[in-house]
Amino acid sequence: MSSLPPAIFLMGPTAAGKTDLAMALADALPCELISVDSALIYRGMDIGTAKPSRELLARYPHRLIDIRDPAESYSAAEFRADALAAMAKATARGRIPLLVGGTMLYYKALLEGLADMPGADPEVRAAIEAEAQAEGWEALHRQLAEVDPESAARIHPNDPQRLMRALEVYRLGGVSMSDLRRRQSAEKADFDASGRNQLPYTVAQLAIAPEQRQVLHARIAQRFRQMLEQGFIAEVEALHARSDLHAGLPSIRAVGYRQVWDYLDGKLSYAEMTERGIIATRQLAKRQFTWLRSWSHLHWMDSLAGDNLPRALKYLKTVSILA
């Protein structure tokens, strides 16, 4: 076995059954569950994120769930720091960190590290916000196109958070975000096709999804309708009533939430909201599959198979995660 402590990544698209398998693994192994989900971090956003129930969380505690208010932001860099701390604590207790979720950017940040970006600066952000109010975000998008055309091509003018961040990075250091990312790629000596990574762990990577895409689509539609039956609209109404929340926040832009928000604003009918929520979730799953197809060293399992737990345990022994 490797001298490095073990860790397990359990990835997959939304509605694939990751949580159920993670809990089964936690029953079978001395694991500590760590959420890798950019929506589950928010308090008060339970139904639309398919957050495990309070009863399940009491039985299977997850780190990095309910750690932010919906008015707050949370970056991949913050996740990396929090996840590494949670993994270190689990290892110190003699337990295996089991990271489960579908936010692929977070996994990538863990494995490869992040570009050495400057931190957020309140004064610079306030100046950008003032310019946006005076001139509009499209004018700021044109500014970005002059100094960082690659980021401008990637960021929509109606995405103020990412637009502000790209301008902030340039104004703080005089170097574009695109150049910083290229520098990171060139310096990424600790990560290559052989599977080396910047984590001080021996990592086994599992992925779960239905073999047939139409099966996943049916599960997505069924789950979204179940969320509506469980009170999803009332959950978003509580958020909508808060004066400090708006449609531009990362929390409210989460899949499902932005569609219900538009419904509450009178922009969509109930039927349109339902259809668009399902379509948006399917698009999320497609993006997750795109990430996963480019991933190396993944062990895939079929969501519909009845023997995923023994198969996962067998694989973990094969790659020396388990004795």
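Residue 1 is the first one shown; counting continues down the chain.
Cβ coordinates are placed from backbone N, Cα and C, and glycine is handled just like the others.
Feature list (source: Swiss-Prot):
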BINDING   Gly12, Pro13, Thr14, Ala15, Ala16, Gly17, Lys18, Thr19  ATP binding site
BINDING   Thr14, Ala15, Ala16, Gly17, Lys18, Thr19  substrate binding site
REGION    37-40  region 'Interaction with substrate tRNA'
REGION    161-165  region 'Interaction with substrate tRNA'
REGION    253-258  region 'Interaction with substrate tRNA'
REGION    286-293  region 'Interaction with substrate tRNA'
SITE      Thr103  site 'Interaction with substrate tRNA'
SITE      Arg125  site 'Interaction with substrate tRNA'
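Within the chain carrying the region 'Interaction with substrate tRNA' (161-165), a Cβ under 8 angstroms from the stretch's Cβ atoms is held by residues 73, 125, 128-129, 132, 137, 140-141, 144, 155, 177, 248-250, all 6 or more beyond its ends. Same-chain neighbours of the region 'Interaction with substrate tRNA' (286-293): 11-14, 102, 104, 108, 207, 209, counting only residues six or more beyond its ends whose CB sits under 8 Å from a CB of the stretch.
Taken residue by residue, the region 'Interaction with substrate tRNA' (253-258) breaks down under DSSP into 2 helix, 0 strand, 4 coil. The Cβ of Pro13 (ATP binding site) lies under 8 Å from the Cβ of Gly102, Ala209, Leu216, Leu284, Ala285, Gln288, Phe289, Leu292, each of which sits 6+ residues away along the same chain. Taking a C-beta cut-off of under 8 Å and a sequence gap of six or more, Thr103 (site 'Interaction with substrate tRNA') has these contacts in its own chain: Val36, Asp37, Ser38, Phe79. The ATP site, placed at the center of the C-beta atoms of Gly12, Pro13, Thr14, Ala15, Ala16, Gly17, Lys18, Thr19, has further neighbours from the same chain whose C-beta lies within 8 angstroms: Gly102, Ile208, Ala209, Ser303. Taking the Cα of Arg125 (site 'Interaction with substrate tRNA') as the reference point, the closest of the binding-site residues Thr14, Gly17, Lys18, Thr19 is Thr14.
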